[in-house]
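Among the features that Swiss-Prot reports, divalent metal cation binding site is placed at D8, D9, S40, N92, with the record citing sequence analysis.
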Amino acid sequence: MRILLTNDDGIHAEGLAVLERVARTLSDDVWVVAPETDQSGFAHSLSLSEPLRMRKIDDRHYALRGTPTDCVIMGVRKVMDRPPDLILSGVNSGTNLADDVTYSGTVAGAMEGTLLGIRSIAFSLGYSFVEDIRVVQWETAEVLGPALLKKLVGASLPQGVFLNVNFPRCTPEAVKGTLVTSQGKLVHGLSVEERRDGRGFPYYWLRFGRQESEIRAGTDQAAIRDGYVSVTPLHLDLTAHAVRDRLAKALA
């Protein structure tokens, strides 16, 4: 099996190294094309207004000045002599749950693979803070990842469906199991912070916040909150099918 890896945290991210070790439990034919710098929050964006520059680290590892979507396209269309059988994106430092999947470069890497007709899976891992220091239990993904990946690769999926996997922020021993979930709903508390540069001109930072919201049973949020690994099948068809007939009647 030939596997292509990417992420949005960048070529030097610990999560990418973890994912490569997990992938190598399945195959030795593993390739990596990942962003040169952190591309978190770039979602499914393409670099169309400037050229892509790629740095070859070795025969199987490449760093690209581009987005995760760019990386998948370059890997499949340029770097590899034949397409991969599987695309894995991650392991992201921080979960990608509910509405956050629309912002996630990690999820977008798997989305692009699916658009190219290749089975794709996104992996993310929760973190906690200890005295304002981010603590990521990477061993949770590394210990549980191989067996889970083998099962997911063996599962039958329809065309246009990819998987979004999230590990909880606990040790491997504390994980209660794996649940197949639906996408939850977040209430964002986005805000804009204005600052001034040395010449007095304003510049701005977008700040993510979270407002209290009800977590529905069976969702990715509920699984992570309760200490389970969440596996959410997502698809590319964004049509609101339940509304079509009603809308057609309104327009008749």
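Every residue gets a Cβ built from N, Cα and C, even glycine.
Same-chain residues with CB within 8 A of the center of the D8, D9, S40, N92 CB atoms, the divalent metal cation site residues themselves not counted, are N7, G10, A13, G15, D38, Q39, P68, G90, S93, G94, S104, G105, T106. Within 10 Å of the C-beta of D8 (divalent metal cation binding site) we count 32 further C-beta atoms, all protein chains included. Neighbour counts were taken as the number of other C-beta atoms within 10 angstroms of each residue's C-beta; across the binding-site residues S40, N92, the minimum falls on S40.
Residue density at D9 (divalent metal cation binding site): 23 other Cβ atoms are found within 10 A of its Cβ, drawing on all protein chains shown. N92 (divalent metal cation binding site) falls within a strand segment according to DSSP.
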